[in-house]
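Chemist: Please find one structure pasted underneath; my questions will follow.
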Amino acid sequence: MTSTFNPRECKLSKQEGQNYGFFLRIEKDTEGHLVRVVEKGSPAEKAGLQDGDRVLRINDVFVDKEEHMQVVDLVRKSGNSVTLLVLDGDSYEKAVKTRVDLKELGQRQKEQGLSDNTLSPVMNGGVQTWTQPRLCYLVKEGGSYGFSLKTVQGKKGVYMTDITPQGVAMKAGVLADDHLIEVNGENVEDASHEQVVEKVKKSGSRVMFLLVDKETDKHHVEQKIQFKRETASLKLLPHQPRIVEMKKGSNGYGFYLRAGSEQKGQIIKDIDSGSPAEEAGLKNNDLVVAVNGESVETLDHDSVVEMIRKGGDQTSLLVVDKETDNMYRLAHFSPFLYYQSQELPNGSVKEAPAPTPTSLEVSSPPDTTEEVDHKPKLCRLAKGENGYGFHLNAIRGLPGSFIKEVQKGGPADLAGLEDEDVIIEVNGVNVLDEPYEKVVDRIQSSGKNVTLLVCGKKAYDYFQAKKIPIVSSLADPPDTPPDSKEGIVVESKHDSHMAKERAHSTASHSSSNSEDTEM
């Protein structure tokens, strides 16, 4: 069957500052990573790329089932040359329709890459190929996790072995020869065997591993591709966040929202019997992670109330119960990442607040004759009564967090922050490769003032293309921090008067010790 399809290997090379001359896209109701708008005379055209081609492999890494932003990232990280294995559009659609194993196409027998004739690890009765790191949560049974740790001569790192059949580790998704990347959110790739053993022992009766399987690990080592923790699969975790969709009734949604004391964030309380909240599956003590697709983990009470109000007569909450919250905290992962790959019952995909563009040019920005003085910005923010006044967003699979919805007249606006600014440093620490939740934590722990080194989109692309490190010395000195007395909310279009005004179905009660709002 596979012999009727002939994938093509296209080797593209470009000059520094030049682009490859094509767009890499995902399109609605169309499968695969599509090649579009191949420019005449470009490296892409010279290499044989054609409009409608589907990309199967990048530098011999199979990418057909990977998330689009990861595929884009692989091309960008290839520098000035990249090898693409592509299949023309008609052949691709026929191959998908006849269920041809696309991974086998174009494989040369002499290659010693991933073995396509060997069954992938079997999980829950089906064949599962792991192409990304995965989180595995283990809770001891009978004083044992059901695995051992080993080191391999000539190889860096610690690996899983002696997996007990039907034991805790096996049930959690651990495979023999898995490479251990993290223990409870801490990277252990450079740790010794003894250090890793000690970390597992100190973890007590539960532990969270970030693992990658043997074949994928080998391939990433050969291709010198670094794993990004934010691309980890969450599918094996036993507890997951819940998306609760509600329509407002005559008496509101039927629950109270309270600021947590021991538990950070906003907590669901006092759900009315028969209310929209109860019928939708909301539970007492649920922690609110996101409102209508927007993270609220860093927001204060009134800001979250305002975001729910903005939804009108319906709202969507991403919530976690205490057990799920504790599990994600152990992994040092934000439950908000669940949004970014979650498939909903109707088949649609719940995207992150900053959705992947449908059209992405895979290139370094072309040189222009126009001279632009590209500079990063050093912005000093003094927290207002209710926050800094901006959203912090991230896209799964891409480095960096970026600014969205800067509130006019707020601390962020007055300090010079703008929508789409990429955060480079927080208080002098480079956070470009740090995951979203860690950047949030750095800003939260800054107290009443924070200094951000940011870069506008065009300037960021320019520095990346020229391979110029973005450092604070390139920026102009910051202005004096703005007056912190203004009541502006972090990550919310907030009116401090409206948040405390009683609506027909919403009441807000605030004191120095607690905040409690009926929804």
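Don't overthink the numbers, they just go from 1 along the chain as shown.
Note that Cβ sites are derived from N, Cα and C of the backbone, with glycine treated the same way.
Among the features that Swiss-Prot reports, compositional bias 'Basic and acidic residues' is placed at 482-504. What Swiss-Prot records for 505-519 is compositional bias 'Low complexity'. Among the features that Swiss-Prot reports, domain 'PDZ 1' is placed at 9-90, with the record citing sequence analysis. The annotation domain 'PDZ 2' is assigned in Swiss-Prot to 134-215. If you look up Swiss-Prot, you'll see 243-323 marked as domain 'PDZ 3', on the strength of sequence analysis. The phosphoserine annotation in Swiss-Prot covers Ser148, Ser192, Ser250, Ser334, Ser348, Ser492, Ser508, Ser510, Ser511, Ser512, Ser514. The phosphothreonine feature in Swiss-Prot is assigned to Thr451; the stated evidence is similarity to another entry. Annotation comment: Swiss-Prot describes 347-374, 473-519 as region 'Disordered'.
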Chemist: Using a Cβ cut-off under 8 Å and a sequence separation of 6 or more, which residues in the same chain sit near Ser148 (phosphoserine)?
Modeler: Met160, Thr161, Asp162
Chemist: Within 10 angstroms of the C-beta of Ser334 (phosphoserine), what count of other C-beta atoms is obtained when all protein chains are considered?
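Modeler: A count of 23.
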Chemist: Comparing the modified residues Ser192, Ser250, Thr451, which residue's C-beta has the most other C-beta atoms within 10 angstroms in this structure?
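Modeler: The most densely surrounded of these modified residues is Thr451.
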Chemist: Specify the nearest of the modified residues Ser192, Ser334, Thr451 to Ser250 (phosphoserine), where nearness means the distance between Cα atoms.
Modeler: Ser334
Chemist: Once the DSSP letters are reduced so that anything not helix or strand counts as coil, what is Ser250 (phosphoserine)?
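Modeler: Going by the DSSP assignment, Ser250 (phosphoserine) belongs to neither helix nor strand, so it counts as coil.
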Chemist: For the residue listed as 'phosphothreonine' and Ser334 (phosphoserine), determine the Cα separation and express it in whole Å.
Modeler: 23
Chemist: State the Cα to Cα distance, in Å, between Ser334 (phosphoserine) and Ser192 (phosphoserine), rounded to an integer.
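Modeler: Here the two Cα atoms lie 28 Å apart.
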Chemist: On the 0 to 100 scale, where does the mean pLDDT of the domain 'PDZ 2' (134-215) fall?
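Modeler: Mean pLDDT for the domain 'PDZ 2' (134-215): 91.
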